[in-house]
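*Asks:* The annotation ATP binding site is assigned in Swiss-Prot to 19, 20, 21, 22, 23, 24, 125. Per Swiss-Prot, the feature Mg(2+) binding site maps to 23; the stated evidence is sequence analysis. The substrate binding site annotation in Swiss-Prot covers 41, 65, 87, 144 and rests on sequence analysis.
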């Protein structure tokens, strides 16, 4: 049963590359906190009635990022939420501002090898539909890692335990710093 102490915590936002486990860890974290869990990519699909690959195909990445910013502004304005963001959400300055100013941001750092292992069969990741997905992941991480670190209040490595354990570790880290 969630503690009363959790009620005073701000929203918690998970950022990181595709395959980091943001959705899985986020669900466990929300369960520990007794909070609603949302995934921004799922919310974009729900609100538009279109899949992310379709949006990328018809509107390009720019169109998708525009939709993503609208949804993130809306979601980060809510309360008592654990939110998993899309891997590229931090590429847009307004999104970084929404996240950093409206809650606690946790960067789930994931080595490229683990990202590849977790995503190589997933056809719903438009940015990986290329000849060399491993190189694409390396290129994305090189660009995005500094942005994840810029926005994050905490960084956790995801190759250190199961999703439930990572959620517990995140909660302990946040609570121990809140008590200081």
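Backbone N, Cα and C define each Cβ position, glycine as well.
Describe the structural context of these features.
*Replies:* The Cβ of residue 24 (ATP binding site) has 163 as same-chain neighbours under 8 Å, each 6 or more residues away in sequence.
Every protein chain shown contributes to the tally, and the Cβ of residue 23 (ATP binding site) ends up with 16 other Cβ atoms within 10 Å. In the three-state DSSP reading, residue 23 (ATP binding site) counts as helix.
Around residue 144 (substrate binding site), the C-beta neighbours below 8 angstroms that are at least 6 residues distant in the chain are 17, 87, 88, 90, 91. Residue 144 (substrate binding site) falls within a helical segment according to DSSP.
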